[in-house]
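Only one structure is covered here, and it is reproduced in the block below.
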């Protein structure tokens, strides 16, 4: 077996040139800001409005396509629209010519992102997309390109130059493509009057959706999970109930299940410190908090979290009651966190 190569920590011949200072970095950010300002200052808003209205009136799906970095942007914008409940998708120009163009119909719009407007893969896709009857839109940054001559609508994204010192690496062009596409997406969101609830419905697994969809009754503990006791029960007889349900408290109720108060593990420590051996004779009702914070089952779970964190001091749980003060559950901070809220 051969020996291992020498240590890879040896300095390279160009080590001195592989440095960057704060001034250089700041100047790069300022240059990129200037390039983006050029885009904002020279964007044709009437052209952009026509494009946005065209997407808004689309009766089918809105497909986006691009190659390389522009393809990544096109894919991302399609995903943004999908998350807003708009029928959209990404169509790879290569895969489209091998069957995926079957997803395209005459009622659809195909938006082609390309900095140069001369991307061969997109130009090969155009006649096939036209044969399907789709409406074609080019979004490019170079004047007089090939795509503008063959598409039904053209949008020009003003590009001063790339931040790359050689004016080659697509970094500024993709930035303005992303800004343009996502801004148009939000304009469509506003025009369609999308509500928070509708938006959340498209994000049920994420924190956004959970905070707007989940109610207290969806995440509360109930029935046999509740650490309940009566006010006449001795504190020391309820230690198992206090500790075994994982709520850090006892919920004190009467015979009709009305909530009387709460007794926490903190209350237990304070009572033990103040009473000593007398704790063996004390009932839960004598030491419980008879004015606890509570919440209703139809309140939003995120409201429960805010209520737990509100002054004068945070709490770890809220009893859940009906209008007639009937105890039906408990919601805990741990439960909310575990639910992803």
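Residue positions begin at 1 at the first shown residue.
Using the three backbone atoms N, Cα and C, a Cβ is placed for every residue, glycine included.
For reference, TrEMBL has these:
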type	residues	note
DOMAIN	51-194	domain 'SIS'
DOMAIN	220-279	domain 'CBS'
DOMAIN	288-341	domain 'CBS'
SITE	69	site 'Catalytically relevant'
SITE	121	site 'Catalytically relevant'
SITE	162	site 'Catalytically relevant'
SITE	203	site 'Catalytically relevant'
Between residue 121 (site 'Catalytically relevant') and residue 69 (site 'Catalytically relevant'), the C-alpha gap once rounded to whole angstrom: 14
Cβ neighbour count within 10 Å of residue 121 (site 'Catalytically relevant'): 18
Integer Å distance between the CA atoms belonging to residue 162 (site 'Catalytically relevant') and residue 69 (site 'Catalytically relevant'): 13
Residue 69 (site 'Catalytically relevant') CB neighbourhood, other CB atoms within 10 A: 16
For residue 162 (site 'Catalytically relevant'): intrachain residues, at least 6 apart, with Cβ closer than 8 Å: 35, 168, 169, 170, 171, 172, 173
